[in-house]
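Per TrEMBL, these features apply:
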type	residues	note
DOMAIN	19-201	domain 'Cytochrome b561 bacterial/Ni-hydrogenase'
TRANSMEM	26-45	transmembrane segment
TRANSMEM	65-83	transmembrane segment
TRANSMEM	127-147	transmembrane segment
TRANSMEM	167-188	transmembrane segment
Amino acid sequence: MKFTNNLLGLRLKGIKTPRHNRTARLLHWVLAPSFFLLAASGFYIHKPAGAYGFRSMDKARKVHFTAQYFFGFYFLSRLYYAVANRDYRKLFPGTRDIAASPGFFAYEMFLKKKKPYFPKYNPGQKLLFSQMAILFATQLLTGAALYSTGKLQALSRLFGGLQNTRLVHYLAAIALSGIVVGHLYFAFTDSLEKLKSIVTGYFRPK
C-alpha cells in the first residue's frame, strides 16, 4: 500500500499527517493501563512480592478484577472496530509483509544500514499484533473461567480442567508481557514522530 498525505497522492515530508484516529487512540489508552495493572496484580496473585506494588492479596485481587472489565471492554470494542472498518487489514501481516520480512529483520539485527519504509506498521509490529489478538482472547476465556469457577465451569473444561486453565492463563500472561516489551522496542526505535502520534493522532514524515 502506497503512503500518501495529500490530494496529489504523494508522500510529502514535514506535512502534518493523520496516523491514529480518536477511536484508536482512546482504545489504546484504555488497554495500556488495564494491561499493566492486570499483569502486576496477576503476577502478585501468583507469587506475592513487594516489587509488584501491592501490600495485600485482597488489594491485588480487587485491582485485578476491576482492570479485567476495562480489558474486556477494550477487546470487544477493538474487535468490533476492526471488523466494521476493516481495520484488521492494517494490523495483521499480508503477503507483502511476509515478502518484506527478511529485509526488515536484517535491518533490525544491524545486518543492513538502510531502514526499510512501511506506510504505518512494519512486519515485526504486525506479527506482534497477531500474537496479541490470540493471547488476548486466551486471557479473556481463561480469566473468565477462573473468575467464576462455578457458573463458567464449562470454560475450564476447554483447557482440560481448572489447574490447566490456571497454567494457560499464567503462561499467556508471560508471553503477553514479552510481546509488550517487543512492541515498546519497535515503537521507541522507529520514529519519535510516530510515537507521539498515539497521543496527538498525527505525525510529520521525514
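Each residue, glycine too, has its Cβ placed from N, Cα and C.
TrEMBL annotations: computationally assigned, not manually curated.
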Quickly jot the same-chain residues contacting the transmembrane segment (26-45) by Cβ under 8 Å, restricted to those at least six beyond its ends, or write none.
20, 52-54, 57, 60-61, 63-64, 66-68, 70-71, 73-74, 77-78, 81, 170, 173, 176-177, 180, 198
Summarise the model's confidence over the domain 'Cytochrome b561 bacterial/Ni-hydrogenase' (19-201) as a mean pLDDT value.
91
Where else in the chain does the transmembrane segment (127-147) make close Cβ contacts, counting only residues six or more beyond its ends and a cut-off under 8 Å?
65, 68, 71-72, 75, 91-93, 121, 153, 155-156, 158-159, 162, 165-166, 168-169, 172-173, 175-176, 179, 182-183, 186
